[in-house]
Amino acid sequence: MAGGGAAPPPKQEEMQPHPVKDQLPSVSYCITSPPPWPEAIILGFQHYIVMLGTSVIIPSALVPQMGGGNEEKARVIQTLLFVAGINTLCQSFFGTRLPAVMGGSYTVVAPTISIIMAGRYSNETDPHEKFVRTMRGTQGALIIASTIQIILGFSGLWRNVVRFLSPLSAVPLISLAGFGLYELGFPGVAKCVEIGLPEIILMLIFSQYLPHAIHVAKPVFDRFSVIFTIAIVWLYAYILTASGAYKNARTRTQVHCRVDRSGLISGAPWINVPYPFQWGAPTFDAGECFAMMMASFVALVESTGTFIAVSRYASATMIPPSVLGRGIGWQGIGTLLGAFFGTANGTAVSVENAGLLALTHVGSRRVVQISAGFMIFFSILGKFGAIFASIPLPIFAALYCIFFAYIGACGLSFLQFCNLNSFRTKFIMGFSLFMGLSVPQYFNEYTSVAGYGPVHTGARWFNDMINVPFSSKPFVAVLVAFFLDNTIQRRDTTVQRDRGYHWWNKFRSFKTDSRSEEFYSLPFNLNKFFPSV
């Protein structure tokens, strides 16, 4: 053996960035692959429980101001759940075909309160009569407002707008669709911190730590963490209530902490089938219709971001603009149905349920369709549905801290398609996110101090048309990002790559990527009659 020096040290492997992925890996069940039926039913029930939060919060805030009591509140919640179930089924079969739960919209709350405060209802002395008249006024405004979503969706106009969306301009839209709802997170937990905080801690333990500490054949703790933790904390809240812990507490504390203060179980009928115009014929006011139309447009923009997040967490490819337009059209039909039935609210994609897809790693369409079945079933069997709807709201607020964070993180993940070393990218991303937080903060602060928005003229409807969109964080953020991204050096070839436009180019038409057929084609051979472009 010939002598010589020692062998050179092995060459250190060069660091490589993580590869860009069109579809999210590590999803257990994607959009077209359902879990086994027993697991799918439990997961569907979990989606139903999660969407209860918004379905209870919105009517609980609006119905008392309208003059309604516990009975009216229970009926509106049942109606909202019933319509949400129908809309979710329609969206999953004929809309985007994504596992998106369609629930209530926080954006519509502001113009609804404006209708409640209208002068023509203030002289009504009978609370029930005032409730009915106000409900009919919101129904009329929502019927007209739904036409915005239906026309923009089915006419192809919204499809043409979305074609100019790049990964860079999508980041602030999707991120603030999640992060922008931070007021509903920990501030809600803090309303009863002894219940809300244990829910957050248990959710972290069950979903993030136990799966790695206790090895089982199938994922159990993370996949069903919502059911486990709600059962534990709800029981704990019941024990606190029964033991008299809140006997001498303030009324506000009792409402948020006790399990017997919602009034839903006593107010709900045993069996009630919601039906169109159950409160009477809608009434129409031109100004209120204009204000509600603007809120409907803002809800459309926000849902666009959430649809994209759902497609990501379902491990589907980027949703083609034509399919997105189809989904927005069906969202408009959902708003119209809600107006007919009398929910006092519009329709939007549930952000919390989109976050649940991420937590469970299950993006199956069948699971969400099963959850829609639970919504319809429990909305008809009023007493049973009211039991679940009486879960203390700080528990839901704790869940929102996790689910909204997942959607915000999904938006940031689209930066993988962009050049983060570009000063143009940094400016557009940073400025749009900042303005998306800062402008609504100004509008909301002004409103909380003065009792009305910065735009304050004699025409309430005009005030709402300006104040509502600029109070929406995703709307302001995407407005700024979309404008800047499509005007600053847009035609530069290098810029096209920096903004990630080339990554989504193959998804701008339905037929340019073969996977679109698998994820988004209509059932029952309907593509022959309603082709996607």
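Using the three backbone atoms N, Cα and C, a Cβ is placed for every residue, glycine included.
Matching 196-214, 348-366 against TrEMBL, the residues noted as transmembrane segment span 196-214.
Most Cβ pairs under 8 Å with the transmembrane segment (466-484) belong to 164-184, among the candidate stretches 164-184, 226-246, 367-389. Long-range neighbours of the transmembrane segment (226-246) within the same chain, counting only residues 6 or more positions beyond its ends whose Cβ lies under 8 Å from a Cβ of the stretch, are 42, 45-46, 49-50, 194-195, 198-199, 202-203, 206, 253-254, 257-260, 356, 359, 391-392, 395, 399.
By the Cβ criterion (under 8 Å, sequence separation of 6 or more), the transmembrane segment (196-214) is not in contact with the transmembrane segment (100-119), since fewer than 3 such pairs are found. Beyond its flanks by at least six residues, the transmembrane segment (45-64) meets 72-73, 76-77, 80-81, 84, 101, 103-104, 106, 109, 112-113, 116, 131, 184, 224, 226-227, 230, 262, 264, 344-345, 350, 352-353, 356, 360, 367-368, 370-371, 374-375, 378, 388-389, 391, 393, 396-397, 399-400, 403 of its own chain at Cβ-Cβ distances under 8 Å. Residues 50, 52-53, 56-57, 167-168, 170-179, 181-182, 184-189, 191, 195-197, 199-200, 203-204, 207, 226, 230, 233-234, 237, 305-306, 309, 312-313, 351-356, 358-359, 429, 500 of the same chain lie 6 or more positions beyond the ends of the transmembrane segment (395-415) yet place their CB under 8 Å from a CB of it. Against the transmembrane segment (164-184), stretch 427-443 has more CB pairs under 8 A than any other of 76-94, 100-119, 367-389, 427-443. Counting Cβ pairs under 8 Å to the transmembrane segment (367-389), the stretch among 76-94, 100-119, 427-443 with the most such contacts is 76-94. If one looks beyond the transmembrane segment (76-94) by at least 6 residues along the same chain, the residues whose Cβ comes under 8 Å of a Cβ in the stretch are 51-52, 55-56, 58-59, 62-63, 68, 100-104, 264, 268, 272, 274, 278, 326-327, 330-331, 333-334, 337-338, 341-345, 347, 365, 368-369, 371-376, 378-380, 382, 385-386, 389, 522-523, 526.
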